[in-house]
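Visitor: Below: one structure in structure tokens.
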Amino acid sequence: MKVRVYNIGGIVSPLEVELTKGVNIYKAPNAYGKTSLAKALVSLLTSAIKPDDLLNVFANSGYVELDLDGRTYYRRIKRVKNKIMESSKLLLDDDRALLLSYFSPENKLLNQIMSGEENVEWFISATSKINELKSKKEEMETKLHNLQAEIDDLNRKHKEAIELQTKIKQIEDEIARLEKEKESDKVLNKTTQTISITNENKLRDIKEKIEVKKRELEDLQNRIARLDQEIKNKESLASPEIRQSYERQLQEINAQLQKITAQRNEAEIEIRLLEKVLDQIRESEKQHLTTCYVCGSHVDPSIWKVRIDVISKELQEKNSLYAGIKKEADELLSKKSEIEKKLKELDQISSEISKLKMSRSELENRIESVKSTIDDLERQRREMEERFNRNAEIYRVYDINDSINKRIEELKKKKDEYEYELAINGIPSTILNKISEKQKELQEVQKMVDDLEKEYMRRLTIAREEFVKIANYLLKELEFDLRAEIDENDRLVVKRNDATLELRKLSSSERTTLALILVLTALKSYFKTPFFIVDESFMTFDQRRFDKIVKYLNSITDYVIITKSDENIELLKETMEPLASS
């Protein structure tokens, strides 16, 4: 695997590093770009790292390129007229890489564990993507419910269609009987009667057309009224004042976040320094050293206890300050996410309003067309009635079958109504086909719901089970007298001799180990990373324990990359047998 980096972060000269499978140790002086190299590599795994965060602030172009298995992956960035442009081909795009591919002081989980926060529910949710799975399951359950409702509605329509067909057949039989009876009783001039009937049929046809168009007009007017109400409702939710309010809040939060981030970084540096000093003083006190490890002067061994108390108190105060800053930052980030979500919802509502207004315009055009048709038909009806009335005496006939004709007309009108209902409702065979299709779709969705439920339950339990398995294996291998588990409330529980310990009271090495074990659990259970980067500068392990951790990492990922501070620049390939994974 070959990496090329230029003008990314602190790397301002072209850098090329060739890595081999296994453990690679990259040594370089402080401020030489080790962190920038790590960030460049991780940026090929997720677009969550933006090009603005990668490109050196004084550079106009930069790149990170990776050759792996005969393919080249890259992020090439240019600054054009104060705008950042990028072309990219990522190895993968998964924001979990920020948590699961780079273990450094910037790792969010490590910061939480080091501050003594025991709740890891957010980490399990983020790495297992269980919330996405839950949302998908709920979406499928809603679809399942809707499909069942559609099938129930289709069954109702099928029953109604059968009843309508039966009624239509009964009317047709009755009309046929009356027509036969009428033919046998005719006493009038057939030609004269035919003229009268023809005129009546024409007039009836026009009236029926008018009624159909009036029903269509009423339906269109109702639809446009509903659209107006919907537009009004949505416009009340997306007023310019609401958007401006959200944008002002977002600007204020960003300003506060920038200030709090600086405070948090300063507190982190002070805490790491105090923890390192405390560990060294504890070790000096444990060995009853009489020489100061800093200046080399003689020290009374009893003074180590006093120094431990002083440093511990100061560290406690700094941790308390850091926790407050972190809590405030988390609250601001939560508010920022909520406001950004609200702004996206406003954009969606504005888009929907535009579509609704287009639909309304189309309906208005259709209404005008239908009104014009109705006016034309009404004109034809009036002219026809006037013409028929003028010729009434000419075409008037005496017919003993008037009552039969009246009954036939009533039956035909009723039949037209039933046929109109049947046309809207649908014929039985078509409805049966739709029912069959919906039932097949329902079975497929039901299977998806069942599969999602199984996967949801699997992901809920695998994190706890796998963590206990890996944690207690590694804690034993690293000779820490601890046991660890995740309880039903997704809290990290640590015990020694069956006594539950407070996370903040563990040593920095023990807390670092627990954070790393959580990352390893997620790697084995949910996420396959091509490489894993460890910043050794903050690790407080002794070399023997650190080597065992590295061996375990080597067993679950192809490339392990360790960055170390050194006066010289050097890339070492370390040969070691992978520690068998638990």
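Each Cβ is built from the backbone N, Cα and C atoms, and glycine gets one as well.
The shown structure was predicted, so the numbers you read here are calculated from the model rather than taken from an experiment.
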Visitor: Pick from 48-86, 243-281, 438-476, 477-515: which stretch is listed in Swiss-Prot under coiled coil?
Guide: 243-281
Visitor: Have a look at 288-319, 320-351, 384-415, 544-575 and point to the one annotated coiled coil in Swiss-Prot.
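Guide: Among 288-319, 320-351, 384-415, 544-575, the range Swiss-Prot annotates as coiled coil is 320-351.
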Visitor: Suppose the ATP site is A28, P29, N30, A31, Y32, G33, K34, T35. Which further residues of the same chain have a Cβ inside 8 angstroms of that site's Cβ centroid?
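Guide: For the ATP site the neighbour list reads G10, S36, S565.
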Visitor: Can you count the other CB atoms that lie within 10 A of the CB of N30 (ATP binding site)?
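Guide: The Cβ of N30 (ATP binding site) has 10 Cβ neighbours within 10 Å.
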Visitor: May I ask you to report the DSSP-based helix, strand or coil state of P29 (ATP binding site)?
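Guide: P29 (ATP binding site) sits in coil per DSSP, no helix or strand.
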Visitor: Grab the same-chain neighbours of the coiled coil (320-351) for me: Cβ-Cβ under 8 Å, and only residues 6 or more beyond its ends, written as numbers and ranges.
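Guide: Same-chain contacts beyond the flanks: 111, 115-117, 234, 237-238, 242-243, 246-247, 249-250, 253-254, 256-257, 260-261, 263-264, 267-268, 271.
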Visitor: Out of P29, G33, which of these binding-site residues shows the lowest number of other CB atoms within 10 Å of its CB?
Guide: P29
Visitor: These are the binding-site residues: A28, A31. Which one scores highest on other Cβ atoms within 10 Å?
Guide: A28
Visitor: Treating G and I as helix alongside H, and B as strand alongside E, what does DSSP give for the domain 'Zinc-hook' (243-351) in helix, strand and coil?
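Guide: Final tally across the stretch: 93 helix, 2 strand, 14 coil.
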